[in-house]
Ligand code: GUN
């Protein structure tokens, strides 16, 4: 069994990005600028956004954090989105999700200029991704593809089971694993209402678990020699930690790991790769790689 080290891979990629930024700036080019909108004070979102700002520094990007209180109106948020769309200094930006219930998340996403949508959530980017055109690919699926590639894991023609059908992970992951230019796999998507979920998993060469249920994937669901990618990051209470909680994956790591050829840990697997993929997208936005 080989452990997939997302933390080390992400550090390496961030160093590569930082070197490219140094060259761009030395050549008189513009330093990429990522902005983030954060609404409210949810612990998880605070941590993600803080880590994004730290990653920007590591990559040599400029970053801006724009905060709103939980009671911000949809119109106020839409006005800020328009302002960022019109700000030539901002190459890309994200609106941290989830947003408070009184705000229509899709309406906000639709208002983002797709050329600055480094999360890859806008329908233009989702659609272009689905038909294999250059675009911003959402960060978690892109991070997983990068890990599979950097670890030399063969995906072509293999059976890949994806657990979860979210817009952020499950759906784009299925699209990418299916496409010839990315995974080139035979893809099955299972979710909370799938009757044959366990059977599908047992046949899988690659399992990508993104359902947000701690320890859901157990040893009896995994074929000997399978590759297991754990996207779960549920906060569970843990009195032994200073913070009072720990991040728990969707995979029961201790019993599943011995059966795997490769497995990602939680934390230190997919998580750091998500942020590093956002940095890759921001660099591409700064270089106007996909859209003029
Ligand atoms: N919330 C959970 N994951 C993400 C992400 O990748 N981007 C944004 N904007 N919000 C999230």
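Here the Cβ of each residue, glycine as well, is placed from N, Cα and C on the backbone.
According to TrEMBL, the features are:
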type	residues	note
DOMAIN	4-119	domain 'Tetrahydrofolate dehydrogenase/cyclohydrolase catalytic'
DOMAIN	138-288	domain 'Tetrahydrofolate dehydrogenase/cyclohydrolase NAD(P)-binding'
BINDING	164, 165, 166, 233	NADP(+) binding site
Site extent for NADP(+), whole Å (max Cα pair distance, 164, 165, 166, 233): 16
Number of Cβ atoms other than its own within 10 Å, given for residue 164 (NADP(+) binding site): 24
Which of 166, 233, the listed binding-site residues, has fewest other Cβ atoms within 10 Å: 166
Set of same-chain residues at least 6 away whose C-beta sits under 8 angstroms from residue 165 (NADP(+) binding site): 171, 174, 189, 191
PLDDT averaged over the residues of the domain 'Tetrahydrofolate dehydrogenase/cyclohydrolase catalytic' (4-119): 98
DSSP state at residue 166 (NADP(+) binding site), helix/strand/coil: coil
Residue 233 (NADP(+) binding site) in three-state DSSP notation: coil
DSSP-assigned states of the domain 'Tetrahydrofolate dehydrogenase/cyclohydrolase catalytic' (4-119) in counts, ordered helix, strand, coil: 61 helix, 19 strand, 36 coil
